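**Student:** Right, I'll just put the structure down here and ask away after.
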């Protein structure tokens, strides 16, 4: 220590000799190996080849857990539960020894008993070993190498994004950012510890296996599909009758009469042109008024029943046709056709945004702004019980007349 301090601070050293000493004491920089991104990509692909058996095993496990073949998944779940519950300690040691010895024996037989094949034969068969050798001796052009590097970087970025998302979720649970999730996590950990302490290991493994197979969404989807198919097989007649059954008729003679009404012919269409183009918000209000007034002015239903009893089925059809024709005529008188396509009050042209609306009292065509007054149907002479509650649209002049 003292000699070094003297060498650094002593006045004997001349200034001319200092740079030479520092140059001699500097270490010679070693040449760092160049980073080859293409070799990194090749190493990644070789790693994929080596891990391909594990990837296939993971795909098989996911195939069973997703119940894509329900019978295989069910047999696997039941078989594993039976093994977990019935095997004793000696049997488990035997299973472990078997799982170690079988891969070792297969690898020895594949390597020792296989005949040495030529290069052309290996290229023809395209085994995994050939793929590894191809990756070691691969020669690619510059565009192909750039494409491989880009693909590798994309996969690496996706992997790092998933890892970052997992770490962020773990930190959110540990920092209690969401108390519900954190409480569920720690509750599950405490429950697992208690279960490991109270239950035997075989029961713990059986419960874990049952949770993996029966606690996912795919299992409930398969169960719902099978339940629906069983219901269709057991009750085919009820479904057919449900599709073919007519809608329920109203109580009283009027409902039965309306149900028996035949479909009107094109000459007896009940929807005039002005009613077809009315606003879709309340398409049936105007028809209810006309039908109710027609029912009030129609002859007594008892007289119609007497005529039907006297004249038979043909007279019944004639009565129905006459009733439909009277209703059609009343609708045509009530809703005159306006061929000009403009509002009677403000002369605004109807369009997609400017809807037309019929006044329920005078029958003229207005826009939705001019025909925006609502009055109860009872003010127009309707006597039905629901007429006190239901309202219809009328124009301003009709609103003043009906409000007096």
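A Cβ is built for glycine as well, from the same backbone N, Cα and C atoms used for every other residue.
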**Student:** Would you mind telling me which of 209-215, 216-222, 223-229, 286-292 Swiss-Prot tags as region 'Necessary for interaction with VAPA'?
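**Tutor:** Residues 286-292 are the ones Swiss-Prot records as region 'Necessary for interaction with VAPA'.
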**Student:** Match it up for me: which of 67-87, 130-150, 151-171 does Swiss-Prot list as transmembrane segment?
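**Tutor:** Residues 67-87 are the ones Swiss-Prot records as transmembrane segment.
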**Student:** Do you know which of 20-40, 41-61, 188-208 Swiss-Prot annotates as intramembrane segment?
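**Tutor:** Among 20-40, 41-61, 188-208, the range Swiss-Prot annotates as intramembrane segment is 188-208.
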**Student:** Within the zinc finger (337-403), count helix residues (DSSP H, G, I), strand residues (E, B) and coil residues, in that order.
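**Tutor:** Its residues fall into 16 helix, 16 strand, 35 coil.
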**Student:** If you draw a 10 Å sphere around the Cβ of residue 367 (Zn(2+) 1 binding site), how many other Cβ atoms fall inside it, taking every protein chain shown into account?
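**Tutor:** Cβ-Cβ neighbours of residue 367 (Zn(2+) 1 binding site) within 10 Å number 21.
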